[in-house]
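Novice: Pulled from TrEMBL, these are the listed features:
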- B:20-391: domain 'Aminoacyl-transfer RNA synthetases class-II family profile' (DOMAIN)
- B:89, B:90, B:91, B:116, B:132, B:136, B:285, B:289, B:290: L-histidine binding site (BINDING)
């Protein structure tokens with residue numbers, strides 16, 4: 001590099017993206033967009049309509065919706081005018097949109113980035129700026145029908161992605177009822193619920209410590225909570241277990257929750273979802289706004305395939321798992337917080353970044369080859385007097401672009417042929433221009449195979465094609481290439 | 001609504017999106033995504049590779065890149081850790097990415113929202129959160145080759161969108177040379193340039209006033225600037241005009257700029273772009289980082305189709321136009337600001353929101369009908385003992401979803417038939433379940449035409465189809481529907 005080129009250099013600026021954020025490009029971006037498409041295609045099959053909301057919302061819209069997690073919100077600086085924060089999830093903006101537009105019934109999906117000032121763990125696909133892909137059903141329906149469809153959507157999404165999963169289910173009414181029966185006072189229920197939710201990452205003694213020492217729960221109450229929430233199994237098993245406990249069954253919330261679960265089970269059977277479900281009484285979900293069914297998806301086969309009810313935390317160690325790949329539940333009161341009307345909602349949010357991390361690892365193992373990013377490379381070729389034929393290469397490329405074909409040419413006035421072949425490496429087809437052929441209104445069209453002998457390949461100059469037929473001929477060859485192996489043509 | 005339902009209501013929260021932002025859904029969202037796809041398809045034809053960057057960048061990365069406009073930047077609150085701002089455009093994040101990854105050559109595109117605390121003008125499609133859709137070519141190439149391709153991309157994009165345009169061109173070196181010859185001191189050139197850029201919105205006397213009163217330019221210098229920048233016409237015309245002026249031609253910057261323009265003209269001819277171009281000496285572009293060719297796209301036919309050179313501001317009033325729909329230019333020093341290496345770049349940014357506004361107005365005039373959002377509505381039908389067949393409707397929908405077909409059913413346990421027909425209004429096909437048919441493993445498949453006689457249409461119960469053949473039969477009918485008119489089947 002000459003010194004004049006280096007002139008614009010400046011004092012060191014830290015060249016990085018902000019903490020917990022990343023750029024997306026190349027194979028990662030292609031895979032990510034493939035995941036997006038797979039998921040949104042399922043949403044569309046279920047009559048979903050897309051929504052896009054601003055990246056920030058009024059602070060007062062987001063306030064009081066996220067419980068303990070609110071401290072992770074990104075705020076915009078007060079530069080005069082309204083106070084705003086970056087969106088924390090897609091559920092609250094959806095509820096705001098429903099209330100603002102007085103929408104009574106909708107199936108909407110949204111795919112967007114959300115923001116949390118959490119401790120990033122990049123290797124596990126956990127960032128501060130990350131993607132959510134949400135499907136929600138809003139409106140007054142007969143009980144558990146939209147809930148069942150949401151669970152069906154989860155199954156279809158992971159089938160389409162080729163990932164085996166378990167859906168852990170619980171019901172906020174059952175959970176809150178258990179807390180009440182165990183002796184947790186009403187004002188402590190949400191914070192104890194948050195502690196219980198950590199049972200998939202922390203051992204019971206730690207969680208109990210948090211309940212007793214930090215949250216001031218009497219030890220005997222904590223122990224009763226611990227006993228109740230340790231059960232999991234099939235829906236039938238856990239419903240039976242709870243029904244057998246007279247004390248629990250006397251609680252109205254638990255009764256209502258059990259009725260919901262029995263109805264849900266009949267729908268899940270019709271939708272062929274049952275085999276993916278584990279009813280897990282320790283599932284609590286951190287967010288405040290859930291009112292009914294809650295669920296979380298982990299990439300493991302179902303825990304109980306007809307065996308007996310299992311207990312969690314047996315070894316007093318955390319369960320090994322990659323973290324939840326999707327989660328959601330019913331939130332019947334959130335929209336009502338904004339307006340006159342209550343609109344019951346149920347939904348699911350897919351953690352696209354975690355899904356991406358798992359699929360990427362699998363691809364790297366399988367060494368999947370990416371599709372070419374270009375169809376045709378336009379080259380020129382000539383003897384001593386060769387002027388590079390740049391305007392002619394431009395003209396040919398323009399014709400190909402006009403026919404919707406992806407084409408490039410060397411950005412040099414007089415490129416050398418080997419350079420052009422090298423640049424053409426990723427393209428399945430080459431068009432070669434020569435002065436004589438052009439004079440006759442023709443060019444050469446050549447399949448750029450993975451020829452063993454490079455020199456030999458460069459000697460084969462392809463088949464002569466009329467300039468006016470070029471786009472059609474290219475399209476024919478491209479069709480052949482996608483249908484089967486490359487065909488010998490000249 | 002009962003009083004118990006209204007219970008969750010709370011004190012009034014302002015139900016709105018933040019100033020200058022909006023939600024996207026329904027027909028608007030579909031049209032917007034269509035615009036995105038049209039534009040990115042063109043980018044892909046030219047070998048573009050996608051990039052996605054975080055919505056915020058380190059403040060120091062963005063500092064000093066936007067001149068006077070920097071005050072419009074959204075800052076994040078200092079919550080501890082790094083200081084960040086929302087991205088202001090996609091060009092600076094691209095330059096940061098190039099420098100950070102030491103990328104020497106790339107054609108990249110990016111489609112994302114950017115943020116400016118400007119005065120919003122929603123009717124004109126000007127918001128504080130708005131979309132940009134950028135294509136840039138980075139790398140050392142022979143002169144003007146990537147510049148010409150970028151202009152070709154602009155032409156292809158607007159052809160694909162069905163919008164007629166003019167590309168206004170200028171060259172920063174010619175502009176800066178003119179300023180120097182007119183007597184503008186080096187330290188004032190960028191701020192005088194910003195003033196000149198307002199000539200498409202403000203009359204000359206106002207712009208002159210800004211130069212003299214606000215920016216301290218001597219009046220005679222301002223008048224000379226005014227005289228120079230008023231010219232526009234075809235590239236040949238303006239090149240000729242400038243070449244005839246000995247004083248201007250003696251300036252090295254102008255000489256270099258004129259050489260670029262002559263070379264560019266030959267490439268634009270080969271790429272069939274020339275007829276869309278107006279060389280406009282008043283075009284200045286507000287941003288600091290441009291170093292060569294600059295351009296702006298307006299939705300008007302070219303000003304000069306072979307006629308004589310036109311002068312601007314003749315009536316001392318602003319030209320009527322909708323504002324620029326795309327803009328860009330060459331910025332050879334931006335990447336060098338971040339690292340050791342200079343990487344010359346040229347690019348274009350499409351103002352998707354303005355394009356959307358124009359296309360939406362056109363659609364509303366043409367009353368375009370949107371494609372249906374669902375393929376099949378699954379209904380049930382029965383006599384007195386009718387139980388709603390909900391699990392059966394679920395099972396049928398599940399089969400259709402499994403075959404990639406978009407299907408819905410009523411979320412009621414016992415829906416009435418007219419209600420179901422009403423809900424099915426948007427679907428081209430209906431599947432009707434009856435107890436007797438189901439017992440024989442069959443359902444009825446019915447085309448839901450725009451029947452004049454609703455009662456009559458409800459009487460026609462469609463053709464009997466085996467449950468196992470249903471998905472295939474639906475697919476056949478859907479193909480028919482997209483190829484031609486609906487076919488009478490039973």
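Cβ coordinates are placed from backbone N, Cα and C, and glycine is handled just like the others.
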Novice: Under DSSP, is residue B:290 (L-histidine binding site) helix, strand or coil?
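Specialist: The three-state answer is coil.
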Novice: With every protein chain in view, how many other Cβ atoms are within 10 Å of the Cβ of residue B:132 (L-histidine binding site)?
Specialist: 21
Novice: To what whole number does the mean pLDDT across the domain 'Aminoacyl-transfer RNA synthetases class-II family profile' (B:20-391) round?
Specialist: 90
Novice: Compute all pairwise C-alpha distances among B:89, B:90, B:91, B:116, B:132, B:136, B:285, B:289, B:290, the residues listed as binding L-histidine, and give the largest one in whole angstrom.
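Specialist: Maximum Cα-Cα distance: 21 Å.
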Novice: What three-state class does DSSP give residue B:91 (L-histidine binding site)?
Specialist: helix
Novice: Using all protein chains shown, find which of the binding-site residues B:89, B:290 scores highest when you count other CB atoms within 10 A of its CB.
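Specialist: Buried the deepest by this measure is B:290.
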Novice: Taking the Cβ of residue B:285 (L-histidine binding site) as centre, how many other Cβ atoms lie within 10 Å?
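Specialist: 21, counting other Cβ atoms within 10 Å of residue B:285 (L-histidine binding site).
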Novice: DSSP secondary structure for residue B:285 (L-histidine binding site), reduced to helix/strand/coil, please.
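Specialist: The residue in question, residue B:285 (L-histidine binding site), is coil (DSSP, three-state).
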Novice: Tell me which residues of the chain lie with their Cβ under 8 angstroms from that of residue B:91 (L-histidine binding site), as long as they are six or more apart in sequence?
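Specialist: Listed in sequence order: B:134, B:136, B:289, B:331, B:334, B:347, B:349.
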